[in-house]
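Visitor: Have a look at this one.
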Amino acid sequence: MQRLLSQRIAALREARSAAQRTRMCRVVTQRQGVQCVVNGRTLLNFCSNDYLGLSQHPQVIAALHAASSAGSTASHLVCGHSAEHAGLEAALATWQQAPRALLFGSGYLANLAVLQALLGKGDACVQDKLNHASLIDGARLSGCTLKRYPHNDAQAAARQLHVDAQAVAVLATDGVFSMDGDVAPLAELAAVAHAHDALLYVDDAHGAGVLGAHGRGSIAAAGLTVEDAPLRLITFGKALGGVGAAVVGTDELIEHLLQTARPGIYTTALPPMQAAATRAAVQVVQSAQGDALRAQLHANIAQFRRAAAQLGLPLMASDTAIQPLLMGADADALTLSAALEAAGYWASAIRPPTVPEGSARLRITLSAAHTTQQIDGLLDALARSYTPPTQIYFSSV
Ligand SMILES: Cc1ncc(COP(=O)(O)O)c(C=O)c1O
């Protein structure tokens, strides 16, 4: 390999290792509900995004098997757009009460697509500081000016939206913050966007399926419509239990994305079997069964938070399935995660750069598939293993 490159890679590897930031991919050899077999040991999973347990739901699996084919054979605009894709786009638009939906290979790609397609040099993208990496990367790739406001501070967003009259402005926020679990002040942000003639784009990866009536997500939960937030991201890899994503919104914007968004045009369409599975998941989410799963999830969240408070565990302020336990130093987060694993619980440590420096944490997630006993077991293990952090020097604002 090229000498200079090899030297650089080695230096970065050593720095990562010294900072305890080496990442590891664990192999799951069996998955049964929230039980996973990893390295021959059964662990109870408390870090997945399968909030409703739909990744193994019988209706979802049956739809996957009944689909026309495994591969889509081409991009959507060549010959890869099957009836399963069209059916899913229609179902998503109906569910989200919006005119149209457009599929993408993943949420990451969809965020690159939206910001690249809407913004260019001289335009502005105003974003929450804790937005997902894909929103930040999308703005960077578009060549626009990226401004980041303190977490959930709508008035700071308003100040940053004072831009040149010729500049297009997009105000982008996570609906539910992926590493903190709190919800964006969407009504305030919608008012700010409206006042500044900016487009509000909501990444609802962690809200769709779990918040609002029929699981429509954080926009519906805030009492807003497509008029207020003309574009939103729905990902299939979280509550819908699959993989892929859709951008949902007005006809004008979706048609523009279809025609111009490079991460949608120059890539193979999702497997039709995945589109069929996601359509089945969308049906479950909207049904009485979906209501029951959400009620179970919210009961599980309440049980966990109640007992954690009794134990004096300083959970972050979140009412969603994402219940982070802030540890501060990477080493403290890793130690607690390892202790839980030894007790049979999988709650992975999240370290910078995924979260800000000094804010390493356990990102504990709850699912409707957890039982009361499993949650009690995790809390017992936390009570035995948790020691207060040695240092937290992070502030989210
Ligand atoms: C808020 C948010 N947006 C976007 C993504 C990317 O979605 P996907 O996993 O479908 O690429 C994620 C998931 O990691 C996320 O948490």
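For all residues, glycine too, the Cβ spot is worked out from N, Cα and C.
Here's the feature list from TrEMBL:
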- Arg23, His132, Thr354: substrate binding site (BINDING)
- Gly107, Tyr108, Ser178, His206, Thr235: pyridoxal 5'-phosphate binding site (BINDING)
- 42-382: domain 'Aminotransferase class I/classII large' (DOMAIN)
- Lys238: N6-(pyridoxal phosphate)lysine (MOD_RES)
Visitor: So what's the mean pLDDT when you look at the domain 'Aminotransferase class I/classII large' (42-382)?
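Guide: PLDDT averaged over the stretch: 97.
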Visitor: Return the members of His132, Lys238, Thr354 (the recorded positions) with CB less than 6 angstroms from at least one atom of ligand 1, or none.
Guide: His132
Visitor: Among the binding-site residues listed here (Ser178, Thr354), identify the one with the smallest other-Cβ count within 10 Å.
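Guide: If we count Cβ atoms within 10 Å for the binding-site residues Ser178, Thr354, the smallest count is at Thr354.
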Visitor: Hey, of Tyr108, His132, His206, Thr354, which of those binding-site residues are within 10 Å of the residue listed as 'N6-(pyridoxal phosphate)lysine', Cα to Cα?
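Guide: Checking each Cα against the residue listed as 'N6-(pyridoxal phosphate)lysine', the hits are His206.
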Visitor: Tell me, if you would, which residue among Arg23, His132, His206, Lys238 (recorded positions) has the fewest other CB atoms within 10 Å in the structure shown?
Guide: Arg23
Visitor: Thr235 (pyridoxal 5'-phosphate binding site) has how many other Cβ neighbours within 10 Å of its own Cβ?
Guide: 27
Visitor: Nearest to Ser178 (pyridoxal 5'-phosphate binding site) by Cα distance: which of the binding-site residues Arg23, His132, Thr354 is it?
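Guide: With Cα distances computed to Ser178 (pyridoxal 5'-phosphate binding site), the winner among Arg23, His132, Thr354 is His132.
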